[in-house]
Amino acid sequence: MLKFQTVRGGLRLLGVRRSSTAPVASPNVRRLEYKPIKKVMVANRGEIAIRVFRACTELGIRTVAVYSEQDTGQMHRQKADEAYLIGRGLAPVQAYLHIPDIIKVAKENGVDAVHPGYGFLSERADFAQACQDAGVRFIGPSPEVVRKMGDKVEARAIAIAAGVPVVPGTNSPINSLHEAHEFSNTYGFPIIFKAAYGGGGRGMRVVHSYEELEENYTRAYSEALAAFGNGALFVEKFIEKPRHIEVQILGDQYGNILHLYERDCSIQRRHQKVVEIAPATHLDPQLRSRLTSDSVKLAKQVGYENAGTVEFLVDKHGKHYFIEVNSRLQVEHTVTEEITDVDLVHAQIHVSEGRSLPDLGLRQENIRINGCAIQCRVTTEDPARSFQPDTGRIEVFRSGEGMGIRLDNASAFQGAVISPHYDSLLVKVIAHGKDHPTAATKMSRALAEFRVRGVKTNIPFLQNVLNNQQFLAGIVDTQFIDENPELFQLRPAQNRAQKLLHYLGHVMVNGPTTPIPVKVSPSPVDPIVPVVPIGPPPAGFRDILLREGPEGFARAVRNHQGLLLMDTTFRDAHQSLLATRVRTHDLKKIAPYVAHNFNNLFSIENWGGATFDVAMRFLYECPWRRLQELRELIPNIPFQMLLRGANAVGYTNYPDNVVFKFCEVAKENGMDVFRIFDSLNYLPNMLLGMEAAGSAGGVVEAAISYTGDVADPSRTKYSLEYYMGLAEELVRAGTHILCIKDMAGLLKPAACTMLVSSLRDRFPDLPLHIHTHDTSGSGVAAMLACAQAGADVVDVAVDSMSGMTSQPSMGALVACTKGTPLDTEVPLERVFDYSEYWEGARGLYAAFDCTATMKSGNSDVYENEIPGGQYTNLHFQAHSMGLGSKFKEVKKAYVEANQMLGDLIKVTPSSKIVGDLAQFMVQNGLSRAEAEAQAEELSFPRSVVEFLQGYIGIPHGGFPEPFRSKVLKDLPRIEGRPGASLPPLNLKELEKDLIDRHGEEVTPEDVLSAAMYPDVFAQFKDFTATFGPLDSLNTRLFLQGPKIAEEFEVELERGKTLHIKALAVSDLNRAGQRQVFFELNGQLRSILVKDTQAMKEMHFHPKALKDVKGQIGAPMPGKVIDVKVAAGAKVVKGQPLCVLSAMKMETVVTSPMEGTIRKVHVTKDMTLEGDDLILEIE
């Protein structure tokens, strides 16, 4: 008996009680014996197999699965009551096409009926016949109908006989390329090749010209042969921009045929459906009537039974053309089920048992459209790379569910392996709503809930489709995707949690990602962050700057009573003591406290210099992001950066437009004071930097680099007159503030008094700023002398980050001036709390701390004049190479090298040049005299040669002769400012290159980072693409990773906190990987990490290097089915090189350039991973 329920104005079939009573048939139709089905085998895999199993279970029918050797881990074999292996030793697809094995399983296991699903053998008449011959029912049309409908040429003839309009095309499969030529001569282009024995987009190619004909014919034939076992093709006229409408039909064995209305499958890519809609929106009722009546008429013409689909193209004039009949269940049958409340699989089974449609309560007048349904096929394809299939292991799978959402899936679960052997479909998501916009909203919400990690998916693309106004309006055709390129403006998933786990796992397996100079673990104690009051910080000098501009700011500084301080803790202090390794994570922690308690600072030095490239190179963080985040936390204190004149923040010369743009963007991101210097005090370089900073609206602070001793009358090269003359030039050029940059700490109190008082007398209204290092130990005394001589600002570092090669102690300066006219008005007790935090933070960076090898400063700096940061580096390098006892020789060589080069101003990059020459002399056992005597024969460091060529400017007093001429010989020399001859850099072109290289949104900041440090930036972007931003990790985890069983929290952003526990690390597998297990927010996660040390001993196929022109990599994982070139062959751009097959789709890899094949790294039948090197072109 039947049970029905009234649903939204229609009747819903709830179920059929299985009995032995005969079905009701028309009086004029022969009554058939009712034969209940007790066991069904699905000759298919994946989600369609599971869909049928579920229907069978609901009907009390036992289920049988078949699976290939490659599918042993797939879910469909677990969802059945029984599962059997087929196609042993066969290729993955061939296993499911092997009829003898399938029939054997059916007969040996008492199977009553076989459901073919879709694809594979579902439209093979010989399979339907084989089932019938074996006494097993085929759940589908009769073999004869399958044959007729599967042969698209015969189906076309039947349609014509039935009076159904068809597209002009061949009457039978073509046997040669010549026939395709003849057809195109008759009907013109475009034309389309179609597989004669299957669908789903396989073996389908559109051709627009004679030039494309041969290649597309070959590819279509090959795809059809691979997918359906028969490469036969037919060709027809291609209807441009049609709607693709298909009508669901259902017939029984008594001649009853009905339709279940239509579906719009117009949203396609390469003739494969991506999104399906039921019913078709804005479809004229008369056209709907013609489509459905023609479908029923065609089905009756051929005596159709069971479920099927009649497909049509509808042109822009509303004229419809028959395409084909799919004599099987369609992938998109789900949307019809949702809007009609008819379970099509139930109906298929009941019809195969001998029931009639009226038995099932299915009459045309009872079929009503209820609402709208949309199906999205979520696939493991990368839309950003032309939908290339992705393979790999699903690390995370979380689906979107809720009211109005149906999911049909198979092996979509954490740990599932997506292979290249089969279709890329992961899950079908079906949304049902009262109308099209409602269904689209539900679908969009569901897709937004999905989390799939480990493989790429097309979800971002689907979300763009769902948000497209044309789609929401329901106006779509088969060119929808091609005509809406904005659909490919994909917003990349953040994937922050999984990327963090990948990073932590990588560190646990391979050790720190940043080089660790000393094997010392970070302190286990977190630094104590002092309490910060609630509310905005008090006003500071930045408020004056924003209100009155650079000139007003300079006046306020000059008119201020008392000594002003610049805090270098955020930059130069950790550059000098901790190898510039302090992370933004630790700077941000203390930043609010500084804003609230040190608002009367002149500025905070927190950017520029070495921090820029070290941030990317070793800390894997964006220096611009550091600036932005600190600006948000410290809105009231001016920020100051170190700008290397025409070198900006790099070590070489850049085109002028790069320097100007850099300053402009730095100002936009929150930089205030630009302290501009040149390593040689070369005025043209400094003037360029000043002009760039000034035009950006920044405070221009020209810095004169100090060396020598103005108080020593025997030191005549860098005399008081030299500095005063340089100051005159800089003031004339419009500097707002004048700075003396004493990078080696050479200013003695007497020299301070002489130099500063002279500058104050000469420039009474100009703010004076003094920067020094405390290597000699006299820094506090020197800064007090400067203040007493008229300096407005001196540099200090908080106590626990001061001294040695860093700046003088903040607390000492504050205490020494307290109660005097120079009182800094900085609360001393606040300095204590600030220092306590940095004492704890410094412990986190123990592996980089200079005190690992250097226990104190040294007054010999007055002799060797080594800058603070470089003194630390040279000291460490000597000890790390076992030359600690020879550091004295290094310092002596530094002095000699300096004199050989003409007694230079020594600050980056000139200090590095002197250091390189010194180390060269020590390593080669050369004295100054020997080096000078052998200058013509020796191969000096590149930095030395380029300096002598004039690459960084002209030193005071000129180049040393004859040493320069001996070294350079015939090498070219640069006259004047080095950057003046450089052509402007095309920043727009660079931006385009970066987008092509990294495949994501590129900011103006990224462009400038790449302009300054192209290689470092590229490595940084590649690193973060794999591991994501790491600023949320604490420094201990960043450097050494977690210990097993360690639990910790990571705050991604306000209100989003991850709870993580490290569980275990597995043994090495055959691929050179270790599996690392975590618990994330209570759920088990695991990732595979390559063991870099172990992989050095294993052989793997080489990868194509993206930055090496001519290295062609596999665009996707797959199998090589054809190699079209050999070594030595000449190729042109666009020429096919090889053909890959993956997920039953073929991809032709073409040459991106003209050249000669240097080497081919693949052979036919080789299986490749993504980016595996295919060949090299030169």
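Using the three backbone atoms N, Cα and C, a Cβ is placed for every residue, glycine included.
Small disclaimer: the values here were computed from a predicted structure and weren't measured.
Among the features that Swiss-Prot reports, active site is placed at Arg328, with the record citing similarity to another entry. Arg328 (active site) falls within neither a helix nor a strand when secondary structure is assigned with DSSP, and so counts as coil.
Listed in sequence order, Lys194, Ala196, Phe234, Glu324 are the same-chain residues six or more apart from Lys152 (ATP binding site) with CB atoms under 8 A from its CB. As annotated by Swiss-Prot, ATP binding site applies to Lys152, Glu236, His271, with the evidence given as similarity to another entry.
Under the heading Mn(2+) binding site, Swiss-Prot lists Asp572, Lys741, His771, His773, citing similarity to another entry as support. DSSP assigns Lys741 (Mn(2+) binding site) to a strand segment in the three-state reduction.
Annotation comment: Swiss-Prot describes Lys35 (among others) as N6-acetyllysine, evidence class similarity to another entry. Its Cβ placed at the centre, Lys35 (N6-acetyllysine) has 13 other Cβ atoms within 10 Å.
Cβ-based neighbour count (10 Å, all protein chains) for Lys241 (N6-acetyllysine) stands at 14. Residues or ranges marked as N6-acetyllysine in Swiss-Prot: Lys241 (among others).
Long-range Cβ contacts of Lys319 (N6-acetyllysine) within its own chain (separation 6+, distance under 8 Å): Pro165. Under DSSP, Lys319 (N6-acetyllysine) is assigned to coil, being neither helix nor strand in the three-state scheme. Annotated N6-acetyllysine per Swiss-Prot: Lys319 (among others), in sequence order, evidence recorded as similarity to another entry.
For Lys661 (N6-acetyllysine), the same-chain residues that are 6 or more apart in sequence and have a Cβ closer than 8 Å to its Cβ are Leu987, Pro1004, Leu1008. Per Swiss-Prot, N6-acetyllysine is recorded for Lys661 (among others), and the stated evidence type is similarity to another entry.
Taken residue by residue with DSSP, Lys717 (N6-acetyllysine) is part of neither helix nor strand, so it is coil. Just so you know, the Cβ of Lys717 (N6-acetyllysine) picks up 11 other Cβ atoms within 10 Å once every protein chain is counted. Taken from Swiss-Prot, the feature N6-acetyllysine covers Lys717 (among others).
Among the features that Swiss-Prot reports, N6-succinyllysine is placed at Lys988 (among others). In this structure, Lys988 (N6-succinyllysine) is part of a helix by DSSP. In sequence order, no residues are near Lys988 (N6-succinyllysine), counting only same-chain partners six or more apart with C-beta under 8 A.
The annotation N6-acetyllysine is assigned in Swiss-Prot to Lys988 (among others) on the grounds of similarity to another entry.
According to Swiss-Prot, the feature N6-acetyllysine maps to Lys992 (among others), an assignment based on similarity to another entry.
Annotation source Swiss-Prot lists N6-acetyllysine at Lys1061 (among others). The Cβ of Lys1061 (N6-acetyllysine) lies under 8 Å from the Cβ of Ala1045, Glu1046, Glu1047, Phe1048, Phe1078, Glu1079, each on the same chain and at least six residues away in sequence.
Long-range C-beta contacts of Lys1090 (N6-acetyllysine), restricted to its own chain and to partners at least six residues apart, with a cutoff below 8 Å, comprise Val509, Asn510, Gly1072, Gln1073. Feature annotation from Swiss-Prot assigns N6-acetyllysine to Lys1090 (among others); the stated evidence is similarity to another entry.
For Lys1124 (among others), the entry in Swiss-Prot reads N6-acetyllysine, with the evidence type similarity to another entry. Reduced to three states, the DSSP call for Lys1124 (N6-acetyllysine) is coil.
What Swiss-Prot records for Lys1144 is N6-biotinyllysine.
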Practice item. Determine the most Cβ-crowded residue among the recorded positions Arg328, Lys741, Lys992, using a 10 Å radius around each Cβ and all protein chains in the structure. Key: Arg328
Point to revise | Arg328 (active site) and Lys241 (N6-acetyllysine), Cα-Cα, nearest whole angstrom | key: 26
Check your understanding: Which chain neighbours of the ATP site, leaving out Lys152, Glu236, His271, have a Cβ atom within 8 Å of the mean position of the site's Cβ atoms?
Key -> Gly169, Ile192, Phe193, Lys194, Ala195, Met204, Phe234, Ile323, Glu324
Check your understanding: What does DSSP assign Asp572 (Mn(2+) binding site), in three states?
Key -> helix
Exercise for review: Sort out for me which one of Glu236, Asp572 has the most neighbouring CB atoms within 10 A, since those are the binding-site residues we care about.
Suggested key: Asp572
Revision key, fill the gap. With the fewest other Cβ atoms within 10 Å, the residue among the binding-site residues His271, His771 is His271
Practice item. Write out the long-range same-chain contacts of His773 (Mn(2+) binding site), meaning residues 6 or more apart in sequence whose Cβ is under 8 Å from its Cβ. Key: Ser576, Asp742, Met743, Ala744, Gly745, Gly779, Thr805, Ser806, Gln807, Pro867, Gly868
Check your understanding: Say you check the Cα of Lys741 (Mn(2+) binding site) against those of the recorded positions Glu236, Arg328, Lys992; which is nearest?
Key -> Lys992
Revision key, fill the gap. Cβ-Cβ distance under 8 Å, sequence separation of 6 or more, same chain as Lys1124 (N6-acetyllysine); the residues meeting this, in order, are Pro1136, Leu1137, Cys1138, Val1139
**Study point:** Check: same-chain CB within 8 A of Mn(2+) site center, minus Asp572, Lys741, His771, His773
**Key:** Thr568, Asp742, Met743, Thr772, Asp795, Gln807, Gly868
Revision key, fill the gap. The rounded CA-CA distance in Å from Lys717 (N6-acetyllysine) to His771 (Mn(2+) binding site) is 21
Check your understanding: Going by C-alpha distance, which of the recorded positions Lys35, Arg328, His771 is nearest to His271 (ATP binding site)?
Key -> Arg328
